[in-house]
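Taken straight from TrEMBL:
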DISULFID  159-168  disulfide bond
DISULFID  205-217  disulfide bond
DISULFID  228-237  disulfide bond
DISULFID  252-264  disulfide bond
DISULFID  254-271  disulfide bond
DISULFID  273-282  disulfide bond
DISULFID  298-310  disulfide bond
DISULFID  318-327  disulfide bond
DISULFID  343-355  disulfide bond
DISULFID  363-372  disulfide bond
DOMAIN    139-183  domain 'Laminin EGF-like'
DOMAIN    205-251  domain 'Laminin EGF-like'
DOMAIN    252-297  domain 'Laminin EGF-like'
DOMAIN    298-342  domain 'Laminin EGF-like'
DOMAIN    343-387  domain 'Laminin EGF-like'
């Protein structure tokens, strides 16, 4: 136990401990505030730098605050994300939506901020607890009419648009001719402006058939409104609830730290990426950022850096005439940053092809001039410049 008395100046090195407490891995980062003064009555908030992320306090050991991550037994490491804490999207070890811990490298086919979901292509087993290494089973959805994912606990496959059925082996409502499942074409309108099928059946429905309980076209007689299936919403049950997308309102397949929790485009399923992340699943860094899954800013000069920014290690990719760690200076043989023009030294009179920051070449003793193209006083006959 660490204790800190009032008005005491202290310093200590950080120590990373990993210990398992029942089903929860706790990443405990211990740090005393360097050269800080803790006064009586003030809460002691200790911070640490870890992977360039600010570690926030969640629990207290005596006067010492530490970060406690809840990864449900599926990860050994985590980092702090202030956005996640602000959104209350991460659970602490007491199963409360507090703190900003984000688990890294979830194991056992799990994913999510707390490794609380199964990865795409897997589903939660009804026979195992969330902290079990066997919680996620592979979906048995090899049919070309499924999207490869399935429903938690049942393993029921999610069908591609236009298809339905337990095994996605039938056409969805308003589609015909399995396995092609073409949409039923609407050919005409009746005198009241309602759409009709070739046989004359009115299809101007009150409710979206795909999203209404019982696949009904009309409002419920007792409730007087459309009764939506799970994952659907709207007065006509024609919209997906947040976290679902597509005509069948299937779950977003976003995972990892790069997306806003539970968010994707409600039509395409494109995950809504945070700053620095890109890709359909937000699982890579945009140019100018590096080190996925943290995706840190490269810090390269916008003038001197190539469009791809930096590599996976954070090293900036400089244009030919630029150099330095951040491409923020002229390379050998160039001058006048940020414009970086070639030195143009005359090698007959200069020591080498390099020059200083204003373009002055390094001349031999018997030569002068910015480009070393003149004889020094007392020397004659350029380019030989002899006595």
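Cβ coordinates come from backbone N, Cα and C, glycine included.
According to DSSP, the secondary structure content of the domain 'Laminin EGF-like' (205-251) in residues is 6 helix, 10 strand, 31 coil.
The disulfide-bonded residues examined here are 254, 264, 271, 343; by Cβ neighbour count within 10 Å, the least packed of them is 343. DSSP assigns residue 282 (disulfide bond) to coil in the three-state reduction, placing it in neither a helix nor a strand. All protein chains considered, the CB of residue 205 (disulfide bond) has 18 other CB atoms within 10 Å.
Comparing the disulfide-bonded residues 217, 298 by how many other C-beta atoms lie within 10 angstroms of each C-beta, the top residue is 298. The two recorded residues residue 355 (disulfide bond) and residue 363 (disulfide bond) have their Cα atoms spaced 9 Å from each other. DSSP assigns residue 298 (disulfide bond) to coil in the three-state reduction, outside any helix or strand.
Secondary structure at residue 254 (disulfide bond), taken from DSSP and collapsed to helix, strand or coil, is coil. Mapped onto three states, the DSSP output places residue 355 (disulfide bond) in strand. Residues of the domain 'Laminin EGF-like' (343-387) grouped by DSSP class, helix first, strand second and coil last, total 0 helix, 15 strand, 30 coil. Between the C-alpha atoms of residue 363 (disulfide bond) and residue 343 (disulfide bond), the distance comes to 12 Å. Around residue 273 (disulfide bond), the same-chain residues six or more apart in sequence whose CB sits under 8 Å from its CB are 258, 259, 260, 279, 282, listed in sequence order.
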